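Beneath this line is the structure, given in structure tokens, with notes to follow.
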Amino acid sequence: MTRPHQVVIVGGGTAGWMAANLFAHHFADSPVELTLIESPDIGTVGVGEGSTPTLKRFFECLAIPEHEWMPACHATYKVNIRFDNWSPASGTNSYSHPFISQLDVHSERAFHVNCLTRRLGLDVTTTPDKFLFNGYLARHALAPVTPPHFPFRMEYGYHFDSGKLGTFLKERAIAQGIRYVQDNVAEVHQHPDNSIASVLLESGQQIEGDLFIDCTGFRSLLLQQTLKVPFQSFSENLFNDAAVVIPTAPQPVVPVETRATALSHGWAWQIPLTHRTGNGYVYSSAYCDATTAEHTLRQHLGLGESDADVRHLSMRVGQTQSQWAKNCLGLGLSQSFIEPLEATALHLVQTGIELFLEHYHKGDLSDRYQSEYNATMHERVERVRDYIVAHYKLNSRDDTAYWRDNRNNMALSESLLQLLDVWFRKGDLVQEIKRQGLQAHFSTSSWHCLLAGYGAFPPIRADQPEKDAHQHDLFAQRNLAALFDGCRLNFRAHNKVLSGHSR
Ligand SMILES: Cc1cc2nc3c(=O)[nH]c(=O)nc-3n(C[C@H](O)[C@H](O)[C@H](O)COP(=O)(O)OP(=O)(O)OC[C@H]3O[C@@H](n4cnc5c(N)ncnc54)[C@H](O)[C@@H]3O)c2cc1C
């Protein structure tokens, strides 16, 4: 494929508008013409309110300051995910997965060493949020925004109203000069080699292009329906295929974390926004029907049977065999979806665009690069999937067949099996993660948070004097509690920082 001059994005969900903004930014000085087509009839998925820290880079790259976009999207800061009730049998009923920041250079290694010491049977501290500063911020509802002199860069993500984010990005892309067409794609026309030549709209207008970006959501109009790229389902590994969503009132003290609470047939998210709290229950329809799921979520939220708006959604979990086929790049739900436990979908959209643009700037869109791109993205999605699968594999709930079946499920990738093997054999997990190159997907500390958070440890050695454990406990030895208390002085209450944005 040669360098494109006419790029056509089909779909105006978050994926489409993210792509429009990044492409417009990168093609600002080149003669590339960008068009986005959005159906006036088919709505967007309209959920997806949490991000990873990658989204911070998205706004930085486009030079959009937080005080501009955050109030417009009712956004809040996110530094952590708190997991409740996933592993009651281990005694660690709630744990944190904080985003790793530069400040953790002082404590991250101590966390890994303590986890190894604990795996060897000594009773030392392994609570992730005692070692990782964003966990500390989450406990105290402090915003991760630092004063100008602060010598460490904080990593964080956001919570946001996805509909408002779509509108914000749409208005911005149109202001940047992107051609916007509101119509339904009725037909897709192909060249003799099957690549896409043009799309015919219901109005009769024909739009030609040399690169097409499929952002049509689960429909996958171009990639799957037209180019017949096969879809690889992850239903063997990830059972959840449905969600029910109910918003509630905003919280008076706005948390800087997402809550993921395990319920009888899945888990419920709680996402704090400035104007409301987003809640949803992600579950498996093979174990629980929609009415029961809605009832469970209402009970969890303390709502009556008719209070509040409710939406039911179905999800198709997996990925297409290739992300880039012929002259079509799939982004967002048209290409892959992994259930939202770690809020990775937009992260993968952004990664997909950035990697494509990297190839574009090298001036090489040849078949070799296309294969390389597809292999890299495939690997990304699979390794993200494995991290999510590990949450289900390690659960110690016994209340339903759903949790027992998840725990007993052996449909695990070779990569995940090896990783768990190293952990349980008391091997060097840091080395294993490096050997497999897994840190590109989830960091070494993220894996430690998950495994330690679930209390996946052998029993404490009975023959070990208490003072030995104390001597080996790097949390106590390094006096990390005092370090974090000292750093706290640089951070302000989340509510205060948010109200500063809207002034
Ligand atoms: C329950 C749930 C929770 C989620 N939580 C998170 C989260 O916390 N974090 C996260 O990052 N992601 C999350 N996601 C994923 C996230 O919602 C999506 O990745 C994101 O919204 C992007 O969707 P999309 O743009 O690919 O598709 P959609 O939003 O479905 O947009 C599809 C677009 O294509 C257009 N279209 C379709 N057919 C045609 C046609 N024939 N002609 C013209 N236009 C057409 C539609 O009009 C629409 O504009 C979640 C998803 C679900 C289901």
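Glycine residues also receive a Cβ, built from the backbone N, Cα and C atoms like all the rest.
Taken residue by residue with DSSP, K78 (active site) is part of a strand. Annotation comment: TrEMBL describes K78 as active site.
Taken from TrEMBL, the feature FAD binding site covers G12, G13, T14, A15, V185, L333. For L333 (FAD binding site), the Cβ neighbour count at a 10 Å cut-off comes to 25, with all displayed protein chains included.
According to TrEMBL, the 7-chloro-L-tryptophan binding site annotation covers K78. Cβ contacts within 10 Å of K78 (active site), excluding its own Cβ and spanning all protein chains shown: 28.
In the three-state DSSP scheme, E342 (L-tryptophan binding site) is classed as helix. Sequence annotations record features per position, and here TrEMBL assigns L-tryptophan binding site to E342.
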Where the criterion is a Cβ under 6 Å from an atom of ligand 1, which of the recorded positions G12, A15, K78, E342 meet it? G12, A15
Have a look around E342 (L-tryptophan binding site) and count the other CB atoms within 10 A of its CB, chains all included. 21
Pairwise CA distances across G12, G13, T14, A15, V185, L333 (listed as binding FAD) top out, in Å, at 18
Using a 10 Å cut-off on Cβ-Cβ distances across all protein chains shown, tell me which of the binding-site residues (A15, V185) has the largest neighbour count. A15
What is the interatomic distance between the Cα atoms of V185 (FAD binding site) and E342 (L-tryptophan binding site), given in whole Å? 33
Write down the Cα-Cα distance for K78 (active site) and G12 (FAD binding site), rounded and given in Å. 25
T14 (FAD binding site) versus K78 (active site) - Cα distance in angstrom: 19
